[in-house]
Amino acid sequence: MTLPRPTSPHIRGPLRTPAIMRLVLGACVPGLFTLTWLYGAGTLLNLAWAGLVALACEAAMLALRKRPPGMFLKDGSALVTALLLAVALPPCAPWLLTLVATGFALIFGKHLYGGLGQNPFNPAMLGYVVALVSFPLEMTRWPSPGSAPGLADSLHAFLGLAVQPDAWAHATALDVLKTDRSLTVDELFAADPAFGHLGGAGGEWVNLAFLLGGLFLLWRRLFTWHAPLGMLAGLFAMSLLFWNGSGSDSHGSPLFHLFSGATMLGAFFIVTDPVSGATSNRGRLLFGLGVGVLTYLIRAWGGYPDGVAFAVLLMNLAAPTIDYYTRPRTYGHRKAERGFRRGD
């Protein structure tokens, strides 16, 4: 008699680091495609150069730390940092800007603290802030979505072989809203090509693309909903609280802030970093909420049009304190403590 031999149930373990990084890279493809479609091939040049610099810095730092380069280079974390920087930097950025941002992110943002899993700050945002402070003019050169340069022009700008025309230095919607106080918001949306239907022209489609990729990662359970929802809720609440209609002194509607700048990139690909963020679910919610509130404060009254990077770094500083006050209670801990004090 033949007895049936059913397979025993198996518990599927967590994804390994290379698999997680591949999913993140894949989720960024819609945003990368949209950026390339709207702003030209400069984003792809940024990605290729940032990827090479990231791998070179990773290999050099691993050699200095006497770590096996093969295993760590294959985990994909350096490429994820390079990709996040490539989509955050202007498509017409010169090669030196991308080199400085990527090198600083890998060397000082990651390996200075011990490598993957030890960094207190998000490496990509640290590199972005360094580029923003070191290259303030170059970081404002975003081309207009309707006049994106071709591959040859993008390559010349990347190598610094040609002077960039004025059409490549178009102000973003956040720039215009922050500096132009002579027109109402409705007049700006109607007159300035930087504005689209929901947010910035082009920027709204980029945000929708990153929202799509972020929802895919959420569906694959690479992170929980707490940090993204906290950031979007904080930004929405602050913009709703200080929104005074469409007057000339308005800072924009809640919908405008949700679909402008790096909102969705930050909500689903930056604040969800498991290393530099909070660890408990309640802590992640507070962490994201703080990023959203600080992002609005910087956009409305700070010195920079978009404040996602600065907000993330400031909340990275607060993450240990958030973890301290939001530690999950150990089951039965307080009951056992009271029983011990009574002498039971």
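Glycine is treated like the rest: Cβ placed from N, Cα and C.
Listed features, source Swiss-Prot:
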TRANSMEM  23-43  transmembrane segment
TRANSMEM  44-64  transmembrane segment
TRANSMEM  80-100  transmembrane segment
TRANSMEM  120-140  transmembrane segment
MOD_RES   THR172  FMN phosphoryl threonine
TRANSMEM  198-218  transmembrane segment
TRANSMEM  222-242  transmembrane segment
TRANSMEM  252-272  transmembrane segment
TRANSMEM  285-305  transmembrane segment
TRANSMEM  306-326  transmembrane segment
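Highest Cβ contact count with the transmembrane segment (285-305) among the listed stretches 23-43, 44-64, 222-242 falls to 222-242 (criterion: pairs under 8 Å). Sequence-distant contacts of the transmembrane segment (306-326) (same chain, six or more residues past either end, CB-CB distance under 8 Å): 88, 120-122, 125-126, 128-129, 132, 172, 174, 260-263, 265-266, 270-271, 276-280, 282-283, 286-287, 290-299. Within its own chain, the transmembrane segment (120-140) has Cβ neighbours under 8 Å at 81, 84-85, 88-90, 93-94, 97, 100-106, 108-110, 113, 169, 171, 175, 270, 273, 276, 304, 308-310, 312-313, 316-317, 319-320, counting only residues six or more beyond its boundaries. Between the transmembrane segment (80-100) and the listed ranges 23-43, 44-64, 222-242, 252-272, the one holding the most Cβ pairs under 8 Å is 44-64.
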